[in-house]
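A.B. asks: The feature domain 'Flavodoxin-like' is assigned by TrEMBL to 6-150. The feature FMN binding site is assigned by TrEMBL to 12-17, 59-62, 97-106, Asp132. Annotation source TrEMBL lists region 'Disordered' at 186-211. Sequence annotations record features per position, and here TrEMBL assigns compositional bias 'Basic and acidic residues' to 187-209. Annotation comment: TrEMBL describes 207-447 as domain 'FAD-binding FR-type'. As annotated by TrEMBL, FAD binding site applies to Arg351, Arg383, Ala384, Phe385, Ser386, Gly417, Leu418, Cys419, Ser420, Trp597. Annotation source TrEMBL lists NADP(+) binding site at Thr461, Ser516, Arg517, Lys522, Val523, Tyr524, Val525, Gln526.
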Amino acid sequence: MAERKILVLFGSQTGTAEDTAERIARQAKRHHFQCQVEALDSYNVASLIHEPLVVFVCATTGQGDPPDNMKNFWRFLFRKSLPPTSLCQMDYAVLGLGDSSYPKFNFIAKKLHKRLLQLGGSPLVPVALGDDQHDLGPDAVIDPWLSDFWAKILALYPLPPSLSVISPEIMLPPKFTLHFLEDASGEDLRERSPRQERAPEEPPSERHPFPACLVSNQRVTSESHFQDVRLLQFDVSGSGVEYTAGDVVMIQPCNAPEDVQLFCDLLRLDPDKRFVLRPTEPGTPLPAHLPQPCTLRHLVSHYLDIASVPRRSFFELACHFSTSDLEREKLQEFGSAQGQEELSAYCYRPRRTTLEVLGDFPHTTCAIPCDYLLDLIPRIRPRAFSIASSMLVHPNRIDILVAVVHYKTLLSKPRRGLCSTWLASLEPQNDAARVPLWVKQGSLTFPADRLTPVVMIGPGTGVAPFRAAIQERVAQGKGGNYLFFGCRQKSKDFYCRAEWEALVERGCLHLFVAFSRDQEEKVYVQHRIREEKELVFDLVSHRGASIYLAGNAKQMPEAVSEALKFVFRSQGCLSAPEAERYLAGLEREGRFQAETWS
């Protein structure tokens with residue numbers, strides 16, 4: 001009989017693909033499969049040739065880009081040296097998560113499926129393309145696809161007569177158990193579990209972030225403007241951090257102390273109780289971000305994302321703990337395929353948080369066993385910010401531009417972004433308010449040749465990486481800096497205005513601004529590009545300029561691309577298909593680069 005073993009690999013940016021991968025793993029256990037779940041970049045890709053059965057769950061980000069935790073895997077998989085029979089022993093399935101309002105809908109899943117076929121893999125079922133835009137979300141595609149997938153699996157790997165599929169009514173054991181330490185002193189605990197410190201020669205990383213001191217927290221929009229945007233400056237002296245223009249800084253936020261206390265009150269937990277985490281199944285790695293031993297306060301403050309909107313899996317699991325028939329019935333409805341419209345109305349549309357949901361189901365909440373907390377609530381994910389400063393100008397400093405997330409829904413309490421609200425609340429020079437951070441290579445790379453001009457298009461906080469690039473290029477004596485910046489009003493949200501105007505005065509910068517609300521007709525960066533068509537065409541076609549785009553991924557990138565194609569058509573006498581190919585050629589050559597976020 002074939003070994004009942006399945007590997008689930010995920011590429012996830014916001015956590016949805018990871019949540020879906022864990023859902024498949026739970027179903028695998030119910031079908032009596034050994035299951036391993038890993039992020040694609042954490043998995044040893046060389047072992048893939050030995051895997052008989054693999055499910056890939058991957059999101060598409062930005063403009064058809066792979067998530068950060070599958071970028072290394074992506075580069076490896078598309079090596080031309082890989083033989084076409086590399087994966088001939090592997091049966092696989094691909095589940096994609098995307099948003100059909102973006103031009104490259106589920107691009108990564110489609111391309112991955114095609115590449116696995118080229119390398120000899122055998123698809124078990126057609127690729128699934130989950131869509132955030134569907135009324136029922138990606139589950140509208142995932143639910144029927146999983147039914148087909150398990151039917152195919154059971155045909156290939158039939159259950160022995162003595163076994164049957166474990167019913168959803170039966171609760172699976174938790175991934176980890178919390179073993180509380182009743183009488184151990186702090187000194188004893190440290191001896192039993194020494195803290196791993198970062199080696200001095202190692203740069204800060206997700207596992208060992210650098211606790212940076214905030215030195216400046218400046219609002220760069222007027223007090224009367226609806227959007228609060230901050231220019232934050234961190235001191236990274238002694239960190240070993242190195243970066244160049246285009247890189248990003250990752251910041252690990254934490255929950256508000258009052259939310260942590262409320263969570264502990266709702267679950268009747270003593271926040272100062274200490275525990276050691278142990279895996280239920282041998283070989284399951286412990287979460288790298290949790291110290292051992294750990295207090296419940298640290299777990300809730302720094303690990304459990306109680307401010308996130310809970311997913312369907314939360315309700316599927318929570319219903320098992322309910323001591324109230326009424327609450328259990330509602331939780332079961334929200335966790336079912338038939339209840340997704342109701343769940344959307346209750347949870348997703350108003351952006352109700354996990355903490356608020358727990359408050360709405362008090363009889364269930366106080367009965368949740370601690371062992372299931374890590375199954376029930378995902379970890380707090382680090383947030384990425386484009387670095388808005390240059391090491392050449394400020395060697396021991398990292399600047400970022402942060403738009404503070406604050407909006408209203410049907411709920412009376414305004415919704416607030418966890419990370420941006422926390423950062424905006426910090427007092428500069430307060431040594432107690434350290435911010436855990438580390439640097440990652442970004443997707444934008446700027447020309448080394450000092451004579452190559454750069455055209456930078458950065459509306460709103462999209463200007464952040466270009467502030468870094470301009471600082472760096474000016475310090476290196478590089479001219480040819482062209483910036484297209486857009487905002488609502490010159491008097492209210494023209495970020496870093498004094499800096500730009502001083503650089504223009506010195507002849508170091510050519511600045512083109514679009515203030516969308518300062519006149520009756522709305523004007524955006526794409527309109528300014530069209531107006532400057534002769535200049536843009538001359539820079540790109542005759543002077544070898546590179547074009548850079550950063551900002552919101554929704555409609556702006558497509559509008560800018562259309563404006564650039566208009567420039568190539570009108571000034572280069574190209575047809576529409578030729579202009580399309582010309583822009584695609586610039587992208588292939590690395591002369592048109594975009595970094596966008598949703």
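From the backbone N, Cα and C atoms, a Cβ is placed for every residue, glycine too.
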A.B. asks: Just give me the nearest neighbour of Val525 (NADP(+) binding site) among the binding-site residues Ser12, Gly15, Ala59, Asp99, Ser386, Cα to Cα.
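C.D. replies: Comparing Cα positions, the closest of these binding-site residues turns out to be Ser386.
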A.B. asks: Which binding-site residues (Ser12, Gly15, Ala59, Gly62, Arg351, Ser386) fall within 10 Å of Ser516 (NADP(+) binding site) by Cα distance?
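C.D. replies: If one measures from the Cα of Ser516 (NADP(+) binding site), no binding-site residues come within 10 Å, so the answer is none.
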A.B. asks: Just give me the nearest neighbour of Gly62 (FMN binding site) among the binding-site residues Ser420, Thr461, Lys522, Val523, Cα to Cα.
C.D. replies: Thr461
A.B. asks: Please list the DSSP helix, strand and coil residue counts for the domain 'Flavodoxin-like' (6-150).
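C.D. replies: Tallying H, G and I as helix, E and B as strand, the rest coil: 55 helix, 35 strand, 55 coil.
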A.B. asks: C-alpha of Ala59 (FMN binding site) to C-alpha of Arg517 (NADP(+) binding site): distance in Å?
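C.D. replies: Distance (Cα to Cα, whole Å): 35 Å.
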A.B. asks: Once near-sequence residues are set aside, which residues in the chain of Arg351 (FAD binding site), 6 or more away, have Cβ atoms under 8 Å from its Cβ?
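C.D. replies: Set apart from Arg351 (FAD binding site) by at least 6 residues yet with Cβ under 8 Å, we have Val309, Thr409, Leu411, Arg415.
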A.B. asks: In angstrom units, rounded to an integer, how far apart are the Cα atoms of Gly15 (FMN binding site) and Ala384 (FAD binding site)?
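C.D. replies: Cα-Cα, rounded: 14 Å.
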A.B. asks: Measuring Cα to Cα across Thr461, Ser516, Arg517, Lys522, Val523, Tyr524, Val525, Gln526, which the record gives as the NADP(+) binders, how far apart are the two most distant ones in Å?
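C.D. replies: Across Thr461, Ser516, Arg517, Lys522, Val523, Tyr524, Val525, Gln526, the widest Cα separation comes out at 19 Å.
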A.B. asks: If we check Cα distances from Val523 (NADP(+) binding site), which of the binding-site residues Ser12, Tyr102, Ala384, Leu418 wins as closest?
C.D. replies: Tyr102
A.B. asks: Out of Asp99, Tyr102, Phe105, Ala384, Ser420, point to the one nearest Gln526 (NADP(+) binding site) in space (Cα versus Cα); all of them are binding-site residues in the record.
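C.D. replies: Out of the listed candidates, the nearest Cα belongs to Tyr102.
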A.B. asks: With every protein chain in view, how many other Cβ atoms are within 10 Å of the Cβ of Ser420 (FAD binding site)?
C.D. replies: 21
A.B. asks: Closest of the binding-site residues to Lys522 (NADP(+) binding site), Cα to Cα, picking from Tyr102, Ala384, Ser386?
C.D. replies: Tyr102
